[in-house]
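The annotation NAD(+) binding site is assigned in Swiss-Prot to A3, V4, H5, F6, G7, A8, G9, N10, I11, G12, R13, G14 on the grounds of similarity to another entry.
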Amino acid sequence: MNAVHFGAGNIGRGFIGEILAKNGFHITFVDVNETIIQALKERKSYTIELADASHQQINVENVTGLNNMTEPEKVVEAIAEADLVTTAIGPNILPRIAELIAQGIDARAEANCQKPLDIIACENMIGGSTFLAEEVAKYLKNPAYAEQWIGFPDAAVDRIVPLQKHEDPLFVQVEPFCEWVIDDTNRKAKEIQLEGVHYVADLEPYIERKLFSVNTGHATVAYTGALLGYQTIDEAMQDALVVAQLKSVLQETGKLLVAKWNFDEQEHAAYIEKIIQRFQNKYISDAITRVARTPIRKLGAQERFIRPIRELQERNLVSPHLLAMIGIVFNYHDPEDEQSRQLQEMLDQESVDTVIAEVTGIEDPETVKNIKQNVERYARPQVA
């Protein structure tokens, strides 16, 4: 069986690629990084190492690569012949691959291919595949064919893969834990059952549990750690103040998840404890700048902080630690990160209230006032 995977970065190789290879797929990685693509073409394999005491190495074979900038026709051809298409490129990049995917679907239609195909966006976002489907639809010549044969099931993915540099451009280190959950209701290729993947009738509880626990938690450690001067997640997790803030934030999101989705309280408490242990993994040195990047996106209305705050308010539940986190994020400075620079420019040029409303989408004056107080509370002293 053939899989096309967009995104040959660490998550693509270190998570999705590993699962697909274990299930017997030949994988064509699609990326614009010529160094990685060339190495995949030449070697047709790469190595994953688990970040724990075992340092177990896993060899992933039967792979190749295509550069979608220089070889778009071959990418279209690969999609036309694929049994599965997946992505791990980042939510902001999905629209850029939509046209190529549409061309691949249209090529299947022209060849009268009557083999169902699922296209799964494995991204840190709610409804990633649904969003990708909407983008792809803009370019389709034969939408009726796509409606019949192409599925875009949403997915939730979870594995910490830190930024890393190795002499070997294909070598990747990952945490042992991984979770990939797929919405079974929107699949077309039902005959494909991936081992190591959970198929569920209702994905939303799992996506929200992951987003509001792992992503909210990871970001909490990163921004709180940055405020206290730490460089890596594992360093920050040695500080009792950071751990206390993390636990408080996850208790607040946990209240929402239990109330909304009827998760068992004790099971969810164990899930939170597992997350804390994962963040404390001394074998992973994950840069705070990686986890804290793109703060404007992370402050979005549907994202890891604002959405739980809003939904807790709707249930008359308080979220003081989440609101404190918004103040901390607004004060995050990373000159290397475009959105961090942009956010600080906005705060320099407009009133704090205006920027809060603009970035978060929050309209309630009382909540804006509360966030403003937290922005001022965590402001760094200005150096003359």
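In case you wondered, yes, glycine gets a Cβ from its N, Cα and C as well.
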In three-state DSSP terms, the structure that H5 (NAD(+) binding site) belongs to: strand
Residue, out of the binding-site residues A3, I11, whose Cβ gathers the largest set of other Cβ atoms within 10 Å: A3
Residue with minimal Cβ packing [other Cβ atoms within 10 Å] among the binding-site residues G7, G9: G9
Intrachain C-beta neighbours of H5 (NAD(+) binding site), sequence separation six or more, cut-off 8 angstroms: G12, I16, G17, L20, I27, T28, F29, V30, V85, T86, T87, A88
Assigned conformation of I11 (NAD(+) binding site) - DSSP reduced to three states: helix
Spatial neighbours of R13 (NAD(+) binding site) that are distant in sequence (at least 6 apart) but have CB under 8 A: F29, Y46, I48, V60, L170, V172
